[in-house]
Amino acid sequence: MDSQRPEPREEEEEEQELRWMELDSEEALGTRTEGPSVVQGWGHLLQAVWRGPAGLVTQLLRQGASVEERDHAGRTPLHLAVLRGHAPLVRLLLQRGAPVGAVDRAGRTALHEAAWHGHSRVAELLLQRGASAAARSGTGLTPLHWAAALGHTLLAARLLEAPGPGPAAAEAEDARGWTAAHWAAAGGRLAVLELLAAGGAGLDGALLVAAAAGRGAALRFLLARGARVDARDGAGATALGLAAALGRSQDIEVLLGHGADPGIRDRHGRSALHRAAARGHLLAVQLLVTQGAEVDARDTLGLTPLHHASREGHVEVAGCLLDRGAQVDATGWLRKTPLHLAAERGHGPTVGLLLSRGASPTLRTQWAEVAQMPEGDLPQALPELGGGEKECEGIESTG
């Protein structure tokens, strides 16, 4: 007689598994590193797809479980199978009629999920079943946008080959006007940028994003591939202005080396020097003035870079600008001088510097106000802060 304990029947295994999931699914799923961990209200099929026993999923489908079941976020069993990268389950659900184009509450399809997680094999199954590579989420994002943002190069290449949009997918814009190249630049995804550039994608906007995100390698790559160095964003800023605002001195050097014009103004009249001075980026200011940036350029409010540096209390930057000949008593909006702006913000050291460089404490604004500190009288001039010749000495390229 066989002394071995008989194996439970398949039906019993599946029934035990389902009962376990009903009682303890939240604890079990909460140990996973991605995807949903709170499954209150999930039906049996959604739980089985996420838990993963293919035999149980098959049994539930035979018992009439709906492939169009939804969770709280509007995701179908197909969404969850794709999120897990579980190709056999994806194939099974598709064979049982799961709608390949179903969208969740955010407008995302299963192909969006595959693109986000880089599941190339699963994406291929979806595309073979007619998934649209041109599908857009609620914010206008296509699967290609997501693949580009996350650096899934092989998947991005497959999406560009998909029927429908084809190469034109590279120029599709989301709700903010970004293309796949913008998203790749934001993440510094050089391989994806190479793929897109080889297909003729526009790169000017991507250059601006690379500068704004501080992605130096992407910025250099895009310049080498022909992106226009003085392209402008919707606010009129160039890559040089965006890099200056971040104080990215190496990027500034690269852009200047490619012929970037430091005199270009944005729609508020601000030059790259205005932006660097306002943020207190001394090295960026030094680079720009050494390359001929206009030290007394005025924005639409009549403010010079010295006004901006003084208002924010950037005393070293103010000293550098004064060393380069900035007008200490330049008047701007409401006839305010740099001294007025530094004083009303309570920047004592900057006030002392300006006074030591000859700023007049008697000049009055449009409202006949002289410069005054919040606590009362102006501090004395601080001559020791006024020498400052070293602040704006010529800068050697750090190339």
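One-based numbering along the chain as shown.
Backbone N, Cα and C define each Cβ position, glycine as well.
Cross-referencing 9-31, 377-399 with Swiss-Prot places the feature region 'Disordered' at 377-399. Taken residue by residue, the repeat 'ANK 6' (207-231) breaks down under DSSP into 16 helix, 0 strand, 9 coil. Residues of the same chain lying 6 or more positions beyond the ends of the repeat 'ANK 8' (268-297) and with a Cβ under 8 Å from any Cβ of it are 235-236, 238, 240-249, 252-253, 256, 262, 303-306, 308-309, 311-312, 314, 316-317, 320-321, 324-327, 330, 391-395. Summarising model confidence by region, the repeat 'ANK 6' (207-231) averages a pLDDT of 98.
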